[in-house]
Structures are given as C-alpha cells and as structure tokens.
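As annotated in TrEMBL:
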- 18-41: transmembrane segment (TRANSMEM)
- 53-69: transmembrane segment (TRANSMEM)
- 89-105: transmembrane segment (TRANSMEM)
- 136-155: transmembrane segment (TRANSMEM)
- 167-187: transmembrane segment (TRANSMEM)
- 194-214: transmembrane segment (TRANSMEM)
Amino acid sequence: MSFCVVSSSPLSHLLASMWPSISVVQLCLTGLADLSMLPAIDVIQKNRRHFELYVALLHIAVSLAHNISQSFDIPLFLSVDDWHNMSDVLWIAYFLLLCIHVLGLKDIQHTMILRYVAFSCAWMAKTKDTWTTNTYSTALVSVAITLVVVTRLALRKSLLPIQLTEAGYAVAAGAVAMVLFLSPRIVHMGEVPFFTVVVPTFHLALGTMFYFGWKCVAAPAKLWDDSLTAHFI
C-alpha cells in the first residue's frame, strides 16, 4: 500500500543519522506485523480455500522481501518499488477475496470464477495506478465493498448466514487501518517513526480485520477440490 511521508523535523534527522540500527528495528517490527496475517491464514486453511491460501502466503513472502529491501535500501533481486507494487497487488486481491467470502454465495463454482476475476482486477487496477498512487485501486475496493453490502441486504435469505459480532470486529479493525493509512496525509511525520510505528500498526489492524472477516461467514462444504477445473478437464 502506498503512503506519503514527509521528513523534516529535527527528531527525524537525528533518527536518520542512526539509520543502520533503526533499519534492523524497522525490519523486525514490520516483519512481525506481517505475521499478523497468520491467524487469518489458519482459518483459510481450515476452510480448504487453496487459492486464498496461496495469495495470503505469497503476500507475506513478498512483504518480507519488500521490508528487507526498504529497511536497508538495497535491491533484493527486484527493486523496492517492484516489491512494493507486487505487495499492493496481492493485498488488494486478498481483500477482494475476503469480500467474495463475506458475500456468502452458496454456489462454489460461482465463487471460484469470482476469485479469478478479483485477482485480475486487482492486478490491472494497480498496474494502472503504479506504486505511487491508489486511485483505481481505491475505486475497485470501494465498488467491491458496496456490492457486498447491497447484495447482502437485497439477497440475504439466499446467501450464507453472517455472524454479526465477528463482522463488527472486522469493520472496526478495518476502520482503524483506514485511519492509519490516511494519517500521513493529515499529520506530517518523519520517515523513521512512520516505518517503525504507523506501518506495523497498520498491518496489525489489517491482520485483525482479515481474521474476523474470514471467521464471520462459514465456508460452504466442498465435495471435492477444484470441481470447476475437474468439470472442464
């Protein structure tokens, strides 16, 4: 996810002079924050959702590579911007997959098709944005949320039931993540406190949102894996 940071305070310059040691702290904090996705991944694994599991695990791996490259300002096979862009594509796709899950369609084949559509849309939106902006990505996420809410209200009797308590926790954590995402645009802060405080807290909020989001709707039973693929083969 792309942020905007302003580094101008004396404290920022002081911390910047300590950057080698700060880099290690930053890497540890952001790495631990990325692991906040693991509880949600456990839920996904129990639901036997292989594509979602792949996207989630790949996101953690890419985020770790990005954090190493970002913390020490070195390329890690790819540039830090490339890792950043890949991370953004994956987290947007992961969020869209969560929206599909919360939608609660009973037909597993319809859900399967929507997963690939979601991943493709996330990839195209972020490619159009580039890593420095979020215009099309934000529009895509907003449309997905709107469609879930409208469909849930209009067709709730034909959809899988939703646990409102868990859904409420997910919404609250998502709101915290949004406030943290917008904070650099509202409050000027240095690069070091941003990457050592705001970014890890943001990822912790996202991890909480994904955990309760995946728990709020029970996954429909799967008679066998990848039934749509088997049907076409």
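Each Cβ is built from the backbone N, Cα and C atoms, and glycine gets one as well.
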When each of 89-105, 136-155, 167-187 is checked against the transmembrane segment (53-69) for Cβ pairs under 8 Å, which one has the most?
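Looking at each of 89-105, 136-155, 167-187 in turn, the most contacts to the transmembrane segment (53-69) are made by 89-105.
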Would you kindly list the residues that approach the transmembrane segment (89-105) from elsewhere in its chain, counting only those six or more residues past its ends and only Cβ-Cβ distances under 8 Å?
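Apart from its flanks, the transmembrane segment (89-105) reaches 1, 49, 51-52, 55-56, 58-59, 62, 111, 114-115, 118-119, 121-123, 125-127, 137, 140-141, 144-145, 147-148, 151-152, 159-162, 167, 206, 210, 213-214, 216-217, 219-220.
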